[in-house]
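A.B. asks: Submitted below is the structure of interest, expressed as structure tokens.
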Amino acid sequence: MDLGNSGNDSVVTKFVLLGLTETAALQPILFVIFLLAYVTTIGGTLSILAAILMETKLHSPMYFFLGNLSLPDVGCVSVTVPAMLSHFISNDRSIPYKACLSELFFFHLLAGADCFLLTIMAYDRYLAICQSLTYSSRMSWGIQQALVGMSCVFSFTNALTQTVALSPLNFCGPNVINHFYCDLPQPFQLSCSSVHLNGQLLFVAAAFMGVAPLVLITVSYAHVAAAVLRIRSAEGRKKAFSTCSSHLTVVGIFYGTGVFSYTRLGSVESSDKDKGIGILNTVISPMLNPLIYWTSLLDVGCISHCSSDAGVSPGPPVQSSLCCLQFTALLSPPPGWGGLSPLNSHGL
């Protein structure tokens, strides 16, 4: 245990992450597996972004939000996996206290953005299918940017609040965390200070960023399902369902793992179940998301060929913002991105 002295108390200056396993024979195998998972996630996500930028059929609000959703997926896996890989090939599994706080902040920042963007995408599907006549005015370019900006502000506020609330806690006993990355509520179990306020803040965050978005997503898709079932055309029903099925799959994986993780606040100690759920939440889910959305893109025939349609007036440059990060396409301004191109008159 690495301790520093402050007066008569021993203060923890580092934590020790036990990681996935302490079995030396398994570590090289796990290193290769998670390295491949990391490369697959980065490659798949960049492919999705490239397709959205270059294919005019994808210049609709739904894929604008998908492009923004891809960024926190890359961020989440980049916050956790590289450090885990280094632990597989190093005997030093310690992490400085401040580095632990930084990891926790960025993870909650990116995971929070995921929560809000998934909710926005459900609302977008509701407008596109249930309010199609007014969709273009209700989901204008300005509104798209405002929604993404709000998701950044809310997720940043929550991440900063949780991190600032954790920083004054005293850790004067064991410093071993039975996990492979720093996240709540594991540090609570090691604190020799009261964590009552921290528990309340985490509960409020879970309600605001977990329960409320999940309720909104459920209500949105209840209306969508009712509207789709009223469509007489089999092709129309298939197209509507295809634009929603991939998103519902991602929502199920994301919230399924998140609910399990943050309902274990009362557990006495971390278990291997927490590590398994952590792997699903931080590695498997971001890796599957590009594969799921690629399947959806293929289903709607958006990736099979480059659009050859002409005569569409150019809109604003392709811009995507997430948590104050923006990228601008090094291409000519795409047709119709400001609202909807003729190929996406109903956001589909």
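For all residues, glycine too, the Cβ spot is worked out from N, Cα and C.
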A.B. asks: If I look at Swiss-Prot, which residue among Asn8, Asn68 would I find recorded as N-linked glycosylation site?
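C.D. replies: Swiss-Prot records N-linked glycosylation site at Asn8.
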A.B. asks: Quick test of your reading of the annotation: per Swiss-Prot, do Ser140 and Ser167 share a side of the membrane?
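C.D. replies: Membrane side for Ser140 and Ser167, as annotated in Swiss-Prot: different.
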A.B. asks: Can you tell which of Cys100, Cys192 has the least company, meaning the fewest other C-beta atoms within 10 angstroms of its C-beta, among these disulfide-bonded residues?
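C.D. replies: It is Cys192 that, of the disulfide-bonded residues Cys100, Cys192, has the fewest other Cβ atoms within 10 Å.
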A.B. asks: For the topological domain 'Cytoplasmic' (223-239), how many residues does DSSP put in helix, in strand and in coil?
C.D. replies: 13 helix, 0 strand, 4 coil
A.B. asks: Per DSSP, what is the residue count of the topological domain 'Extracellular' (83-103) in each of helix, strand and coil?
C.D. replies: 13 helix, 3 strand, 5 coil
A.B. asks: What counts of helix, strand and coil residues does DSSP assign across the topological domain 'Extracellular' (162-199)?
C.D. replies: 14 helix, 2 strand, 22 coil
